[in-house]
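Q: Got a structure here, written out as structure tokens. Questions coming.
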Amino acid sequence: RICLNQQQSTPEDQPTNGQCYIKTDCQNKTWNTHRGSRTDRGCGCPKVKPGINLRCCKTDKCNE
């Protein structure tokens, strides 16, 4: 599986270079801070704290 791996401060999305495997989900997290909205994309589907929106998916680059 190819998941995009990016934090909001990174200028562009880049593949994770083999860190995701066939049975691993991709994830897209968003949350608000005092500086505005933040986004984090990567591999896996972690448990998150209340207030963080998490979307997990199972196809290549589905976390765009």
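A Cβ is built for glycine as well, from the same backbone N, Cα and C atoms used for every other residue.
For reference, Swiss-Prot lists these features for the protein:
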{"type": "DISULFID", "residues": "Cys3-Cys26", "note": "disulfide bond"}
{"type": "DISULFID", "residues": "Cys20-Cys43", "note": "disulfide bond"}
{"type": "DISULFID", "residues": "Cys45-Cys56", "note": "disulfide bond"}
{"type": "DISULFID", "residues": "Cys57-Cys62", "note": "disulfide bond"}
Q: Can you give me the Cα-Cα distance between Cys56 (disulfide bond) and Cys26 (disulfide bond) in Å, rounded to a whole number?
A: 6
Q: Give me the Cα-Cα distance between Cys57 (disulfide bond) and Cys26 (disulfide bond), rounded to a whole Å.
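A: Answer for this pair: 5 Å between alpha carbons.
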Q: Restricting to the same chain and to sequence separations of six or more, state which residues have a Cβ under 8 Å from that of Cys62 (disulfide bond).
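A: Result: Cys3, Cys26.
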Q: Ten-angstrom check, please: count other Cβ atoms within 10 Å of the Cβ of Cys57 (disulfide bond), all chains counted.
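A: Cys57 (disulfide bond): 16 neighbouring Cβ atoms within 10 Å.
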